[in-house]
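One structure is given below, encoded as structure tokens.
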Amino acid sequence: MANKILGLIVLCIGLIFLLTNVGAISMNIGTVISTYWPLIIIYFGLRQVLRGLIYFTRKLRDGKWRINKLFWGLFVLAIGTVVQGNNLDYFQISWGQFWSWTWPILIIYVGLSMLLNRGGDLIVVDLSGKYDEDDYSVSKKKKRKFSANVKQKHLIGDVRLGNTPWQIEDLQAWVGIGDISLDLSTAMLKEGVNTIDLSGGIGDVKILVPEQLPVKVNVDVKLGEVKVFDNKQSGTSRRVSYESENYATADKKVEIYIQLSIGDVKVKRVD
């Protein structure tokens, strides 16, 4: 469905160019881009809404209410709609007005998340490893800055690695709007520490970790949900730290840093 939405947007853009070139309408390329660029934000919002609806329906069957993915999809969609509507002069909504409406909704969302996600703020300790907020605060001081030295940088799009064998090679990636998905079960590791630095604006991060792979994980999410193995938290300023029991003595290990402004982070074990 998401690809069909993107295809529809591309089709509309193509029609606009065609009508312009045949003289049916008067509009240059610069005007088209400056007017309709918010359609990209709308596309990602719609995609997240569709994913959120599927996720919500699936969890509802289990008697659980999970609105986080749907909420953030609607939030991104609202931003895109406001910008696009302003560009087309359908209405004029200032960012001050938009923020005056959205910040109470964000508070309501946090409250609903606390009510519907039972135990969302409790830390469930995995006996196979250890979580330490103090360790996280130390590692945070050492976190890398995502600037010109980032190996993968995408303003809009997805990063997916793991369908075929791949090398980590101290992976660094930044995505403005989009998802990051890594499967470490197909990763080829070097001796010592293999570092993964991931950062993003709006989107989801999903990492699959083999059962026996020693890992150290530090996650910082401003707004959204974090699930690192059995440790699950949701709300604002969520920080989670995890270290495998045999991490310090392992010959090959992976250290993961994740920073996300809005979205969900999921790190799970696979066989």
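For all residues, glycine too, the Cβ spot is worked out from N, Cα and C.
Annotations in TrEMBL come from automatic prediction, not curation.
Keep in mind that what you see is a predicted model, and the values were worked out from it rather than measured.
Among the residue ranges 2-18, 70-86, the one that TrEMBL annotates as transmembrane segment is 70-86. In the domain 'Cell wall-active antibiotics response LiaF-like C-terminal' (156-267), helix, strand and coil residues by DSSP number 3 helix, 82 strand, 27 coil.
Here the domain 'LiaF transmembrane' (5-118) has, by DSSP, the following mix of helix, strand and coil residues: 91 helix, 0 strand, 23 coil.
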